[in-house]
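S.K.: My questions all concern the structure below.
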Amino acid sequence: MIAVIDYGMGNLRSVENALKKLNADYMITADKEQILAADKIILPGVGAFGDCMRNLRANGLIEVLNTAVLDQKKLFLGICLGMQVLFESSEEGALTQGLGYLKGKVVKMQDTSVKIPHIGWNRLELCGQDVITSLIDDEAYVYYVHSYYASEIDEKDLLAYSNYGTMRLCGLIRHENIIGAQFHPEKSGETGLKILKYFVEEQI
């Protein structure tokens, strides 16, 4: 069973539609007991970093995630904003502390030669060795919607990135049981479905 966390900011419908295509066993929930009983967890998200952390805290979900992800080592996927909050902090609005599962901080795009926010399809450049990257074609394109990106990350965790202007954007990252996608796999065609299919079927 996959718990898709509903904390008031997730793009739940598109994630749900993708999981239905894969015949996945899932539930959309903010219930602590259901999350802890699930085998895997997806944290979707659109909006502001600070609002996300406040909503997670207000619903008592930070402690639940810490237990499920760090202690129980459940397979976890953070999507877009759900990936960004995995890092240590964000400069969006006031400096805000993240969950701190991954090394790095989230910063605003500064390259004025390109449109911000970064919206649309971009090529995914594979750079890490993982089962996930073995499933992705070299010429794969994925769909992004964001104005902030992860910086000062642990390069050993980086699986794939996209170039945008002078910026190298962390697209896909993994540390042990924790996977983060800045792009939206649920909106990224066959490439995104391959990633989600791996997540649905993987045993950890």
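Going from the start of the chain as shown, residues are counted 1 onward.
Placement of Cβ uses the backbone N, Cα and C atoms for every residue, glycine included.
Computed from a predicted structure; not experimentally measured.
Not my notes, these are from TrEMBL:
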- Cys80: active site, nucleophile (ACT_SITE)
- His184: active site (ACT_SITE)
- Glu186: active site (ACT_SITE)
- 4-200: domain 'Glutamine amidotransferase' (DOMAIN)
S.K.: How big is the gap, in Å, between the Cα of Cys80 (active site, nucleophile) and that of Glu186 (active site), rounded to a whole number?
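M.R.: Their Cα atoms are separated by 11 Å.
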S.K.: Excluding near sequence neighbours, so keeping only residues 6 or more apart in the same chain, what lies with its CB under 8 A of His184 (active site)?
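M.R.: Result: Asn11, Ser14, Ile79, Cys80, Val142, Tyr143, Tyr144, Val145, Gly192.
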S.K.: Tell me, how many other CB atoms lie within 10 A of the CB of the residue listed as 'active site, nucleophile', whichever protein chain they belong to?
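M.R.: For the residue listed as 'active site, nucleophile', the count of other Cβ atoms within 10 Å is 24.
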S.K.: Within the domain 'Glutamine amidotransferase' (4-200) only, compute the mean pLDDT.
M.R.: 97
S.K.: What is the Cβ neighbour count of Glu186 (active site) at a 10 Å cut-off, with all protein chains included?
M.R.: 25
S.K.: DSSP on Glu186 (active site), three-state: which is it?
M.R.: helix
